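Below is one structure, written out as structure tokens; the observations come after it.
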Amino acid sequence: MTETQSLELAKELISRPSVTPDDRDCQKLLAERLHKIGFAAEELHFGDTKNIWLRRGTKAPVVCFAGHTDVVPTGPVEKWDSPPFEPAERDGRLYGRGAADMKTSIACFVTACERFVAEHPDHQGSIALLITSDEEGDALDGTTKVVDVLKARDELIDYCIVGEPTAVDKLGDMIKNGRRGSLSGNLTVKGKQGHIAYPHLAINPVHTFAPALLELTQEVWDEGNEYFPPTSFQISNINGGTGATNVIPGELNVKFNFRFSTESTEAGLKQRVHAILDKHGVQYDLQWSCSGQPFLTQAGKLTDVARAAIAETCGIEAELSTTGGTSDGRFIKAIAKELIELGPSNATIHQINENVRLDDIPKLSAVYEGILARLLAGNAV
């Protein structure tokens, strides 16, 4: 494919060092470009986070692209083969921080909109973009706040495409139609500090927690289902002791995380953890944090349309999957009837020398345009 506008826009976005939550006027660039084809822009800024809601049209159905202009830090710049914010083309790839996650996706959707509107100026429904500068950070003032605003005025989304990098081996091979929930625990096991030679005068929290730890790691939380793998329990950190070899620690800190399917609930997992700890007589404090509930878009119109657009452009059949981490889709699903994630390869995200294949860029834009055409121009699936 010879289309180069997507590449040029991606390079312009990558050249702006928008490390979370700094937007570096990326959203302003998008608004200026889309204003030319009839999009109205609404800036929704909260704290140091910039968000923008761009919309063309007032009627349903609403097809929305969601993405983020912020990127993660570069890591050691000297380890990059080229400066991370100076986009470079070499070896058939585009290099730069944000190339895969997710400035290329944003560029491709903008150019898809430009071509689609030029061909269908009186298209059905509405096209929207929800863009934030706080996805890679705390995600407290970004998409979730915009969703609150839209929900309050009953402005809902029929079909949402989140431009997260989803491809595994080749562009279009995977569509995310759901994500697992994420529930974290910060557990403090209480003991009594003492001299290691006098254990009868102390309570070792490592020892008291050990039986519960074994049970927690061996528990079958659920069996998963057609769309989700079984819920997983993983410990990320265990810390205890003073560093000395002759002191029994007074406390043990354990951090753990559930990635849970729709077969489990936040409340149910909490109850079962507390029951196991209580069963083993553990004295503890436990603080919980849930960063997202599981969500699922059943195979239907949006997945069918996306698969058809991928087949037409890429010549492959896309797999539906719910694997991987969380995304802003967990917030948008509250106002979106159907939601998928679809973008370039995820092989180098957050890494040194992050990149995308150059020949994937016009293809991704064509896939997005094909989705718009099938949803808003009556093109056959």
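Cβ atoms here come from the backbone N, Cα and C positions, even for glycine.
Going by Swiss-Prot, these are the annotated features:
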type	residues	note
ACT_SITE	ASP70	active site
ACT_SITE	GLU135	active site, proton acceptor
BINDING	HIS68, ASP101, GLU164	Zn(2+) 1 binding site
BINDING	ASP101, GLU136, HIS350	Zn(2+) 2 binding site
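The structure, with features from Swiss-Prot marked on it.
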residue	record	contacts (Cβ under 8 Å, 6+ apart)
HIS68	Zn(2+) 1 binding site	MET102, ILE131, THR132, SER133, ASP134, GLU135, GLU136, GLY142, THR143, ASP328
ASP70	active site	SER18, VAL19, THR20, PRO21, ASP22, ASP23, THR132, SER133, ASP134, GLU135, GLU136, GLY137
ASP101	Zn(2+) 1 binding site	VAL71, VAL72, GLU164, PRO165, ASN346, ILE349, HIS350, GLU354
### Zn(2+) 1 site shell beyond HIS68, ASP101, GLU164, criterion: Cβ within 8 Å of Cβ centroid
GLY67, MET102, SER105, GLU135, GLU136, VAL162, GLY163, PRO165, SER327, GLY343, ILE349
### Task
May I have the list of same-chain residues other than ASP101, GLU136, HIS350 whose Cβ is within 8 Å of the Cβ centroid of the recorded Zn(2+) 2 site, in sequence order?
VAL71, VAL72, GLY98, MET102, ILE349
### Message
For GLU135, GLU136, GLU164, listed as recorded positions, tell me which one has the smallest number of other Cβ atoms within 10 Å.
### Response
GLU136
### Message
According to DSSP, does HIS68 (Zn(2+) 1 binding site) sit in a helix, a strand, or coil?
### Response
strand
